[in-house]
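Here it is, the structure in full.
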């Protein structure tokens, strides 16, 4: 290094970070695990199956249209599980009468949809996806008639919701909407309404599970803990009404794509083995129907299975079945071998003063907690018997001086409440399980275009850094907690996503700097051959990972490209967010991303595979831009590397290197070309117009920074 420029020191530090990340990944993937379930074996004990409370969260009827929420709810109501053992709770943090109206209408359609799905064993149970492509010609058959009738009813539902969105005349037509009068999304009282109650259900195929709408109290200038606060309210309300031992939570756009999804999870929880009581949650991978998500699929298959082989997968925020007792703060040491509370835990958790202090002052809530911890059934004659108590536990100040969000329920202090809660569970000694069914259990939609994706990636990276620097950090309590060492390394890999933006940004600029400065980034001769060989081996290995899962070379390239873009353009801003939070200057903000869905086709034709979505739009897959700062780093990187290539061709670089390591050569120029290829969407964006083109303001700022970089590189 003494014989070369300081650029080698920078390169060494960056490569050390990359090597550390590679070691973490290798450690995680070392012992993958697979879980295979046999849901048919549950048929023998169908009457003994436990109850499940299903949670759906939404926050904005504009960004998360009610038709998407309705489809998710309908898919959950129609799963292959006794209807009298299910209850669906929808949390609306936007306090939208439109969302409530949509649920009321959906509950009426559910009385047609649920029996239809179970009668004909429909695979995909979200109506919008099922009706996307018509089945093979079945005119005159009973199925054909039922299919046409069900489709007409769904189209009526869709049209009614569309009309209600533009003309809220229905709001004044019914007294049922009085609770929504004079309300604002951030200023309203608690609203709990039983949309549909399955009274006296015995699990018949024509029954529809309970549907409950809730919206917790919100007041201005009061911090509501984002999604984690909504989830904890769901836990309390469901505990008062149905108190099921297991809870499923899904995002409002994540519909159930596998009819046996609940039964598969129960196979894990009910297995007769030594560790059957040790599983805290069952996580399904997150899959999407509307975008190229090869990178996420590969990540979940290889890294997800790897973490599953250690202490269990991380909680991903959606598509996860939780154990209620674990969410109430139990540790593994609190249980006997048969799953009952130990004598010490009984005194610790069931003392009356302790219960009120930990869970709040609601007597009904305390009673439901005791029943849940002792695995007792807790049923009301009707759900409406619990409405008053449910209102009480939804007040803004109910959690004040309790353990909600601290050691009980979904944990606070991070916008990524999922992994924050996950590491808290694993730290108490619990394990988790990972199921990879085919077809995927849940399917959702990704944010459309570049801006939405950048916002989402920034939120994730910021939230992960929040956990890295809070009390749940894997760097704290190394020997005190019951989390395994390799599991701790897995969390460290995920939590440090945002920090990787700095070395990646520098490394994208190093080839251009070396070309302009006429200094060597790579060694010469045989050592360069070693580097090229290692890089080639790594590329071939990652390409094999993609192609072995059925993805194309283009998908592999898109993954590599977007990996660099999100790291340098989106994750970079998470560092500023966490610095401002740690300094007490500002707080992180949870921004809801916009959801969309494909339109249902009409007509006849051959049936396509379930879940297949046509993308007739010629612009689908194009990268979108706007005037936000997210796209400034990427544009700057492309301009700098183009300037370096142009400068090299016209002799703009320094005449002779200062150090004895030699000047730049073909390797450094190839490095610039590689960076431009990885940021190809930005290069194309310079010549596009509209939302697919980079705004002139962003180009101007990036060009100014690029000129400064060139002057610094040549003159330094």
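Cβ coordinates are placed from backbone N, Cα and C, and glycine is handled just like the others.
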Which range, 568-592, 593-617, does TrEMBL list as transmembrane segment?
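Spelled out, TrEMBL records transmembrane segment over residues 568-592, not the other listed ranges.
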Quick one: give me the count of other CB atoms within 10 A of the CB of residue 251 (Mn(2+) binding site).
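Summing over all protein chains shown, residue 251 (Mn(2+) binding site) has 23 other Cβ atoms within 10 Å.
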Residues of the same chain, at least six outside the transmembrane segment (630-652), with any C-beta under 8 angstroms of its C-beta?
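Sequence-distant neighbours of the transmembrane segment (630-652): 450-451, 454-455, 458, 505, 508-509, 511-513, 515-516, 565, 568-570, 572-573, 664, 669, 672-673, 675-676, 679, 682-683, 685-686, 694, 698-699, 701-703, 705-706, 709-710, 713-714.
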Before we move on, state whether the transmembrane segment (568-592) and the transmembrane segment (490-513) share at least 3 Cβ pairs under 8 Å, counting only pairs 6 or more apart in sequence.
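Between the transmembrane segment (490-513) and the transmembrane segment (568-592), which are separate recorded stretches, there is contact, as judged by 3 or more close Cβ pairs.
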Just give me the nearest neighbour of residue 418 (active site) among the binding-site residues 64, 93, 227, 251, Cα to Cα.
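Result for residue 418 (active site): the nearest of the binding-site residues is 227.
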Do any residues of this chain, six or more beyond the ends of the transmembrane segment (6-28), have a C-beta under 8 angstroms from a C-beta of it, and if so which?
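Tertiary neighbours of the transmembrane segment (6-28) are 303, 306-307, 310, 486, 489-490, 492-493, 496, 500, 503-504, 506-507, 510, 513-514, 517, 519, 521, 661.
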Residue list, the transmembrane segment (525-547) vs rest of chain: Cβ under 8 Å, 6 or more residues beyond ends.
294, 298, 302, 553, 555-556, 559-560, 667
Check each residue in the chain of residue 64 (UDP-alpha-D-glucose binding site) that is at least six apart in sequence and keep those whose C-beta is under 8 Å from its C-beta; list them in sequence order.
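The answer is 58, 252, 253, 592, 594, 595.
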